[in-house]
Amino acid sequence: MTPADKEASIESPTDLDVNSDLNSDLDASPTASTINHKTKTATPSFTAAPIIVTAETLGDSSANQVKAFAGNRTVIDNDFIKKTVSNSIDGALQFIPGAKIDDETGTGVLPNISIRGLHASRSGQAQFLMDGIPLTLAPYGHTGQSIFPATLDNIERIDVVRGGAATQYGPNNVGGVINLVTKPIANETQTEIGTDLTVFEQNGKPLTSLYARHSRWLNDDFGVQLEANGIKGDSFRDHSDTEVTNLQAKALWYIDENQELEGFLQYYDADTEMPGALSPAAYEQDVEQSQRPFEAYQGKSTRWHAKYKNYLNIGDEAVLDLTTFGHHATRNFEWGFNSQFNNDGVHWADPAVASDSLRTSPREFDVYGVEPKFSIKLGDDDNIKHHLISGVRYVNEDIDYKLTQTKLADGTTSTPRDWNLQTDAWAAYLSDELSFLDERLKVTPGIRYENAKMTFNDAGNNTQTDNTITEWLPGLTTSYALTKSDDKLWLVYANAQKSLRTPQIANIRGNGEEGSELAWNYEVGTRYTTDNLQANLGLYRIDFKDQLQWNSRDQSFDNVGETLHQGIETAITYTPKKYDNLSVGLSYNYLDATLQEGANKGNQLPYSSPHQLGWHASYDYQDYSATLSGVYYDKAYTDNANTVAESADGAAGETPAYQVWNLSLQKTLQDTDNEKLSVQFGIYNLFDEQYYFRGIDTSPVGRYPAPGRSYKLGLNYQF
């Protein structure tokens with residue numbers, strides 16, 4: 001039996017249900033919309049086997065799974081990403097309702113992503129997974145993505161679940177779960193070579209990306225895939241030299257008809273200069289310049305995982321799987337620091353004031369985890385059906401966290417911070433999806449237990465603090481199919497889940513449970529799906545307790561107490577039956593994110609935009625394809641006082657609304673059974689919108705320019 005035959009046999013309806021449904025608690029929890037997931041103009045032809053690397057966590061993100069999902073969920077595929085001229089993963093995420101991006105680099109090396117107004121340094125309030133495995137540096141003690149070991153060329157699709165998914169996918173999922181699905185091993189021997197050239201109009205400097213992939217089955221049961229992606233060049237500003245290397249290898253072994261074993265290994269290396277923010281005056285003068293000459297970043301990560309799966313002949317359908325994963329990562333930021341800021345009243349990061357010191361933050365992370373899980377379906381058509389999922393996960397984290405400061409005048413170096421955080425975390429979860437009325441009504445109660453023992457060592461003060469965080473995280477989801485047929489599904493859904501973010505090493509400082517953040521997530525909505533129409537409308541609410549905000553001036557966290565995030569998300573994609581070469585889509589998010597206590601009660605939370613729009617229209621003609629797309633974000637504030645007027649140094653003040661349009665033209669030069677050659681030309685920020693951000697990590701003061709117009713030329717060859 002060949003691998004293709006084996007995959008075809010597995011793709012029977014019964015076995016596919018075992019693979020996707022039994023292993024996805026999210027199929028019975030918070031809703032789903034797809035961006036061009038089934039439309040002719042934007043859906044690529046997938047060659048993946050039904051059993052792919054995400055099966056045991058989020059399922060395989062198929063259209064059937066997404067449309068039946070009881071919560072807000074969006075999947076964007078590789079073809080849609082190309083058509084929107086996205087240069088990076090964070091650029092692609094701009095089209096997700098409720099997601100906001102602060103594009104710091106223009107290269108995607110260090111994404112800043114917030115979901116539903118939950119803003120944290122380095123995307124710290126969003127849980128990133130790669131093929132269902134935690135991507136963050138430390139799932140408990142350091143959720144920020146100050147290393148982001150993923151590049152766009154390696155990604156097949158992006159699956160975003162907004163809101164809580166605490167029962168199976170904790171902790172740190174208050175702001176959503178973002179699963180990056182890598183390209184699967186092809187059914188047959190295949191080689192892919194791709195290259196992209198991006199030129200930024202502002203400075204004319206090139207940024208190149210080269211990608212290569214080779215898939216091969218060594219025999220009927222064992223397949224391998226090797227991938228290499230390199231990015232090199234400059235972004236749109238001075239002091240932005242960038243070099244990234246991403247190497248990945250995966251293997252899949254069908255042990256027998258019921259067992260399989262998968263392995264994954266990755267090496268990632270990023271080295272980039274960072275231009276930093278500009279003072280308001282410098283921004284008006286020239287957005288290309290850099291006033292932060294010392295800012296730089298280096299990061300390296302080696303990641304691995306192994307997954308064993310056994311399909312058992314008990315109950316109606318049953319699966320036992322075991323996942324183990326780990327990584328070793330190092331990263332370092334360098335930036336200029338003004339050590340006199342407390343005395344002179346000048347912010348340490350004011351770009352208009354020369355730095356007198358150089359700071360570095362070398363960090364080292366070692367993480368290991370193991371998760372066994374068991375899933376079983378019971379019942380028959382005449383009775384209530386059960387879908388039970390139970391699992392246990394253990395994670396060990398070892399974080400070395402240093403901060404050094406060197407005076408430029410005499411070279412003397414001090415170490416203000418020399419910390420270590422050891423975490424031993426146990427989690428257990430159980431859920432039961434109960435199906436009634438011929439599976440039209442589904443109700444899923446679930447519970448997750450988290451126990452994290454965190455030992456904090458401060459070498460500078462020779463102190464040690466032990467803290468144990470324990471939380472019960474209940475959840476309840478329900479959905480009802482108003483209309484259910486082979487070509488139509490109209491679903492209504494509701495869910496409520498409790499979510500947790502454990503204390504982070506940057507704010508723990510011996511405070512223990514004072515650093516825990518808890519939230520309740522609620523959603524109610526409806527989704528209507530046919531062959532040519534996907535529409536979703538959902539209401540959401542997040543009640544956040546003890547939310548922490550970073551205070552850049554004092555370099556500490558402030559507990560702002562209770563916050564409320566509520567709003568509406570809607571998305572629609574339509575392909576007329578008479579004109580199936582045309583596809584249009586529109587999404588909208590309304591967000592009301594406010595402080596609920598303190599002197600600024602009722603004010604809008606910093607960095608949250610009340611209104612967000614996304615749109616795209618694609619037209620195919622013969623071998624040509626054209627796409628016009630764009631996003632709009634409303635204005636936002638940068639402090640709790642909602643200061644409108646900009647401060648002299650640019651630390652506070654309103655950031656203006658902006659909209660960005662993109663244009664893509666694609667041509668398929670050759671498309672046969674054995675090879676495919678395509679070329680793409682794209683313009684990002686078509687009308688050269690000038691806008692900026694504030695409050696970004698090592699350069700939190702001033703205006704941080706966003707990328708202007710750029711031109712992209714891409715070539716892809718598969719054979």
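Cβ atoms are placed via backbone N, Cα and C, with glycine included.
What TrEMBL lists as region 'Disordered' is 1-37.
Marked as compositional bias 'Low complexity' by TrEMBL: 15-27.
Annotated domain 'TonB-dependent receptor plug' per TrEMBL: 69-177, in sequence order. With DSSP states grouped into helix (H, G, I), strand (E, B) and coil, the domain 'TonB-dependent receptor plug' (69-177) comes out at 21 helix, 28 strand, 60 coil.
According to TrEMBL, the domain 'TonB-dependent receptor-like beta-barrel' annotation covers 258-686.
Annotation source TrEMBL lists motif 'TonB C-terminal box' at 702-719. Sequence-remote contacts of a segment are chain residues at least 6 beyond its ends whose Cβ falls under 8 Å from one of its Cβ atoms, and for the motif 'TonB C-terminal box' (702-719) they are 82, 85, 87, 102-104, 106, 190-202, 235-237, 276-280, 282-283, 287, 291, 349-352, 649-651, 658, 674-694, 696.
Over the domain 'TonB-dependent receptor plug' (69-177) the predicted model carries a mean pLDDT of 89.
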